[in-house]
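See below for the structure under consideration.
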Amino acid sequence: MGEVKTPRQWFLWSIALIYVCAFASIYVQIPGLYGDEGILPVRLQMPKEQRPLLEQESLLYLGPSLGLAPQQTLELMCLLGVALGLGAVLLEPLRDSLIYLCLQALYLSLYNVGGDFLHSKWDVLLLEAGVLAVLVAPLGLLRRHSSYSYHDPVSFWLTRWLFFRLTFCTGVSKLASGDPTWYDLSALSHHLENQMNPTLLAWYVHQLPDWLLRLGAVVVLQSEITVPLVTFFAPIRRLRLFGFYVQLFLQLCYILTGNCSLLNLLSITLSFSLLDDDHFNSNSGPKKKGQEKKPRSYGQALVSYLTLLMELAVYLFILYCFITLFKIQINWEEKTLSSKTSFNQKGFDAFLEVFQELTIWIGVLSFTWEAVSAMLNCVCTRGIASKLWSLLQWAVITVAAAAVFALSVVPYTSMAGMSVSKVLPAVRDAYRAVERYQLVGAYGIQHRLISAEGRPEIILEGSYDGLTWTEMNPMYKPGNVNAVPPIVGPHQPRLEWLMWQAAQGGDDTSPWFTGLIQRLLQGKPEVVSLLQVDEAQYPFSQRPPALIKAKLYNYHFTDPAKDKTHLQNWWRRQYKKDFFPIVNLDDPTLKKLLEESGLKEKFPVQPGSDTPVSQVLSLIRGHVKGLSGSLVLSTLLATLAGIFLIKAVFSWALGSRKPRPASADHKPRKPKEPSEMAEKSQAPATSNRGSKKDSNEKKYSERSPRKRK
């Protein structure tokens, strides 16, 4: 693989931008989730005794020493993360290993105290990608400058291995879990309405013919299982580019139909590991004279033809799997395609047993190739000191990368259908020892089965008298059947994500759900803002409800051909069951659940100290209060886009001011080289004798104003 200077910079820039989105999204939701009046007050998780710094799992526990309340400590951590991330996005020198280490420590601190709200798949992926960013980024803040090093392809290879594990495990888990909707290829039709935040485009895609949606399911499985196997670690550059564009197309489809989430952004960021500098320089401009390609030798032509044949063989293999494994047949009369899986779960499990160890060995060979290539480049450097220093850096980075790769094998072999018995016991012990630091994550282990009965949703209802009930419709997930599916963007609504999961799992005894019911009965505005920011859209904005209950409905996208209501409704729903019983603040059932969840208030809230830092945090919170998370992130990203646009305009304006070319009569003299000047100064006096013309030129130069000075 060629040099990776440009893809590495893209990766580091994208990781910094994702950190900005993640920290800003969490910051907006802190009062409602973890505040003193929130669902799960973080102050209840503070240890009773102060522990040493090295034994603490979160920077939250340093808050009392700074004179900050737990909520304000979380806010300070998020604001620091946003500031550092913005610095790395705008300034290339700040894309440094120390900056990414600070971002990783801050996000890990939030993860360790965030509970269920921060234990999502994209949180785990961001933590692992953050660890890789620490290894990939240069260490230039402690030096005057940072440059591209020979060992950088070794550390950057880890991002490709992570991208392979994420993509391959996601595809494998769909079939290894025995999900019937993926075996009968109806999963895509149900997934469009069952995903977390479907968009308006998802409704239109859902109206496509059934045969086309089944073909889409085949494309998804092929893109996540077959394509990564044969392209991600291929020695042929064009195959890796093919894998990159396939995954980019897949992620863009996910974004357009299911909103842009951190998981999609991280997947695109990791896909940059399939690129190299030649891909960006291939279209740099027309070639100058003298730079035409030289005729290739017979050996080079033979290698080129063999490479082309291997590339065509891979494409044919993908097409063969596409046709034979899913029995693709064309109906020319009806102009449709029929598809059906030609294997069952038992056959797929046999496939996993064969390819489990094979994929690991492919990773070992690919990593060894990158490590040996980097070592040879270090050996070829000029100078003994430079050679030893390059080899020392290579050894440190290679050992660290090999350790991360070995640790990642443990969760990789833990997905459905695989076995960890072949992993060395020492590696498993090391993984358990560092598991709390989230160095590597597991993906595809818990695949959630797609329901063919519709999208289950929890609907909260409030009442003052127990007779008239009014629904509390949230901002970002289906509630009102007339509401248009919203655009959420990179904002991650944590409460609605857990409600979406609870509806699919049927768990109504979670501590967070009990805390939600309690705060809504109390009418806490911090929690109400998680459901609805606009007071006009919340029916109990003037007075909290006296009673609350929760029902479970199954939602379906409307079908214009059948329902005839698509002009008014986007959803249709059916009542399934009661999810949570009717309770009030004095209900013994609610008090018992709060006590079992550890949310029973035993001590009054202690007022925080009025320090300058606390005042600044309160001032910032006052400006953000009342704004939705999607609005805050959209404003932040629009500001960044404006800054980059202004920089681009200034660069274009300065670049367009080129100096005028000198005329033929007044051509500028070429400055003399220092070596020529030294030779002339050391020449004997006899050599200065020349023609009459030369002596006149010398006298003229001596009489010039510059010479007289």
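Cβ coordinates come from backbone N, Cα and C, glycine included.
Per TrEMBL, compositional bias 'Basic and acidic residues' is recorded for 663-679 (among others).
The feature compositional bias 'Basic and acidic residues' is assigned by TrEMBL to 691-709 (among others).
Taken together, the residues in the domain 'Lipase maturation factor 1/2 N-terminal' (119-281) have a mean pLDDT of 91 on the 0 to 100 scale. What TrEMBL lists as domain 'Lipase maturation factor 1/2 N-terminal' is 119-281.
What TrEMBL records for 439-581 is domain 'Lipase maturation factor 1/2 C-terminal'.
TrEMBL lists 657-709 with the feature region 'Disordered'.
Taken from TrEMBL, the feature transmembrane segment covers 12-30 (among others). Note on the transmembrane segment (12-30): residues 38, 71, 74-75, 78-79, 81-82, 84-86, 88-89, 95, 100, 103, 106-107, 110, 114, 118, 126, 129-130, 133, 136-137, 262, 265-266, 268-269, 272, 490-495, 530, 624, 627-629, 632-633, 636-637, 640 of its chain, located 6 or more positions outside it, place their CB under 8 angstroms from a CB of the stretch.
What TrEMBL records for 74-91 (among others) is transmembrane segment. Using a Cβ-Cβ cut-off under 8 Å and counting only residues 6 or more beyond its ends in the same chain, the transmembrane segment (74-91) has close neighbours at 12-13, 16-17, 19-20, 22-24, 26-27, 30, 34, 42, 59-60, 63, 66, 68, 99-100, 102-103, 106-107, 109-110, 113, 613, 617, 620-621, 640, 643.
TrEMBL lists 98-118 (among others) with the feature transmembrane segment.
Summarising the annotation, TrEMBL assigns transmembrane segment to 124-142 (among others).
Marked as transmembrane segment by TrEMBL: 248-275 (among others).
TrEMBL lists 302-326 (among others) with the feature transmembrane segment. If you look at the transmembrane segment (302-326), the same-chain residues 6 or more away from its ends with a CB under 8 A from one of its CBs are 185, 218, 221-222, 226-227, 230-231, 234, 236, 238-239, 242, 296, 339-343.
Listed as Cβ neighbours of the transmembrane segment (391-412) (distance under 8 Å, sequence separation of 6 or more from its ends, same chain) are residues 131-132, 135, 149-151, 154-155, 157-158, 161-162, 165, 169, 360, 363, 367, 371, 374-375, 378-379, 418, 420, 423, 427-428, 430-431, 434, 439-443, 445. Look at TrEMBL and you will find 391-412 (among others) tagged as transmembrane segment.
Nonlocal intrachain contacts for the transmembrane segment (631-654), taken as residues 6+ away from its ends with a CB within less than 8 angstroms of a stretch CB, comprise 17, 20-21, 24-25, 28, 86, 89-90, 489-491, 624. As annotated by TrEMBL, transmembrane segment applies to 631-654 (among others).
The DSSP breakdown of the domain 'Lipase maturation factor 1/2 C-terminal' (439-581), given as helix, strand and coil counts, is 38 helix, 33 strand, 72 coil.
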